[in-house]
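Per TrEMBL, the features are:
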type    : residues                   : note
SIGNAL  : 1-24                       : signal peptide
DOMAIN  : 25-105                     : domain 'Cytochrome c'
BINDING : Cys38, Cys41, His42, Met82 : heme c binding site
Amino acid sequence: MRLLFTFIVMCSILLISDIDNTFAANLQLGEEIFSSNCAACHAGGNNAIMPEKTLKADILSENNMNSIQAITTQVTSGKNAMPAFGGRLSDDDIDNVANYVLNQSEAGWQ
């Protein structure tokens with residue numbers, strides 16, 4: 001019984017630490033990636049190609065793009081005039097830039 005309890009506790013600790021690592025994004029690196037790859041069209045959260053589809057919080061929400069998963073999918077696969085970055089950026093880079101975009105949208109692109 002004691003062995004089973006120890007096993008359950010160890011599995012729980014591993015699961016929790018894995019979850020913490022999943023949510024640990026590097027916003028500074030995300031900003032660097034955004035500046036290098038996205039700012040040409042999306043400087044300040046705007047959209048130079050499709051002005052009505054900005055990265056501002058209200059527009060992201062209106063278009064169901066106000067989550068890390070939605071932004072990650074868009075960056076990875078592209079859509080309409082936006083190219084896919086899945087072949088150019090690593091999964092970690094895409095995760096960092098998605099977190100940066102969502103963070104900036106919530107902060108009002110300051």
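For all residues, glycine too, the Cβ spot is worked out from N, Cα and C.
No curator has checked TrEMBL annotations; they are predicted automatically.
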DSSP-assigned states of the domain 'Cytochrome c' (25-105) in counts, ordered helix, strand, coil: 49 helix, 2 strand, 30 coil
Neighbour count (Cβ, 10 Å) for Cys41 (heme c binding site): 15
Neighbours of Cys38, Cys41, His42, Met82 excl. site residues, C-beta within 8 Å of centre, heme c: Asn37, Ala39, Ala40, Asn47, Ala48, Ile49, Leu55
Taking residues Cys38, Cys41, His42, Met82, which bind heme c in the record, the widest Cα spacing (Å, whole number): 11
Protein Cβ atoms within 10 Å of Met82 (heme c binding site), excluding its own: 17
Listed in sequence order, residues with CB under 8 A of His42 (heme c binding site) and six or more positions away: Phe34, Ala48, Thr54, Leu55
CB within-chain contacts under 8 A for Cys38 (heme c binding site), separation at least 6: Val97, Val101
Confidence summary for the domain 'Cytochrome c' (25-105), mean pLDDT rounded: 97
